[in-house]
Amino acid sequence: MATQTCTPTFSTGSIKGLCGTAGGISRVSSIRSVGSCRVPSLAGAAGYISSARSGLSGLGSCLPGSYLSSECHTSGFVGSGGWFCEGSFNGSEKETMQFLNDRLANYLEKVRQLERENAELESRIQEWYEFQIPYICPDYQSYFKTIEDFQQKILLTKSENARLVLQIDNAKLAADDFRTKYETELSLRQLVEADINGLRRILDELTLCKADLEAQVESLKEELMCLKKNHEEEVSVLRCQLGDRLNVEVDAAPPVDLNKILEDMRCQYEALVENNRRDVEAWFNTQTEELNQQVVSSSEQLQCCQTEIIELRRTVNALEIELQAQHSMRNSLESTLAETEARYSSQLAQMQCLISNVEAQLSEIRCDLERQNQEYQVLLDVKARLEGEIATYRHLLEGEDCKLPPQPCATACKPVIRVPSVPPVPCVPSVPCTPAPQVGTQIRTITEEIRDGKVISSREHVQSRPL
């Protein structure tokens, strides 16, 4: 059980009588508790308090008119704890005892009535607590299952979409591969065609060179024929001029065979042309082989680069697909987290509202308990004073030797209420009563701080003021 700290505050007031005697001593005790104090039968205390208010406040009205004048007042044993009357008793001691007996009977009847009402209120409060139904949060389990099914379907659909996107990307990659191969073959074809065109140009140049050489040979042949013809003409002219007059014998070298020389020159030129043709053909073949080797190596390098590019593209596409899948998963998880946070925040708000309501109810119940505890202590104090008064009445009933004077006061004298702690002072008929003194109130407040059944501190404050 939690430690309770209660600070009781006791107020004690005394009221002086109108004839110079104490008309009664009022002691009002109240408790100011810090925390929660628990008293037995709180519901009964509440009923007892409410009934005590209605019952005790009307004790003054239950007295007969013959005993009290119109100026008689009662405090209901709550304010001052006693009663005083400005009228006078009209009767003997027997009538006074009868009045006190009637008052005691009324008080006992009121006590029984309060006990019955207390029991009734306790039963009603118990029934009310039994019929209270606690707040139950709604069950969302069925909705959670439906949401999980939809989430599974969404994940399956997302995986199917990712698979279709992967297939589409693979088809695009295959199309890119075929396009790249086509472009490679087209570039190779263009290179070969360019080489063929270059070789054709070289062949045309060689053909032109051959035609030039043939033209030069033909011109040389024609020049040789012209020279031969001119030589023969000159020889014939000289022969005609000399005739038979001169017989010249020339011992000269044998004549040169021009046909043989031309044939030799032709053979030399043909050999030279053949050598040039062979050299050009060898150079062309060498250049072609080198170019083919360069083309092959370049094509191999290009093929390797294209293969690497294709692999990198596939890797990039796969990574992009995985990134999209991760983004979609992250978005779904974020949405799920947001929904979960919203749901739990709403539930938390409901729980907080419920907790606030319960705390408000607890604070109200605590305030009611404190108020009922204070009223209960007040009623206990009233009960103690009433028991003392009953004991006083019993003492008055048993001791008949103390009697009132036979004749009332000649002047308007106020009656004296007998209290065990203060002896009664009757009025003297031959001496007029002095004027009534002022009535004063002395309030003594004792504040004690109690924790775990031990008194920690105690303070006393006395305040006097006239009425």
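Glycine residues also receive a Cβ, built from the backbone N, Cα and C atoms like all the rest.
Per Swiss-Prot, the feature domain 'IF rod' maps to 93-404. The feature region 'Head' is assigned by Swiss-Prot to 1-93. As annotated by Swiss-Prot, region 'Coil 1A' applies to 94-128. For 129-139, the entry in Swiss-Prot reads region 'Linker 1'. The region 'Coil 1B' feature in Swiss-Prot is assigned to 140-240. The region 'Linker 12' feature in Swiss-Prot is assigned to 241-256. Per Swiss-Prot, region 'Coil 2' is recorded for 257-400. Residues or ranges marked as region 'Tail' by Swiss-Prot: 401-467. Feature annotation from Swiss-Prot assigns site 'Stutter' to Ala342.
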Integer average pLDDT (0 to 100) for the region 'Coil 1B' (140-240): 89
DSSP-derived class (H/G/I helix, E/B strand, else coil) of Ala342 (site 'Stutter'): helix
Protein Cβ atoms within 10 Å of Ala342 (site 'Stutter'), excluding its own: 10
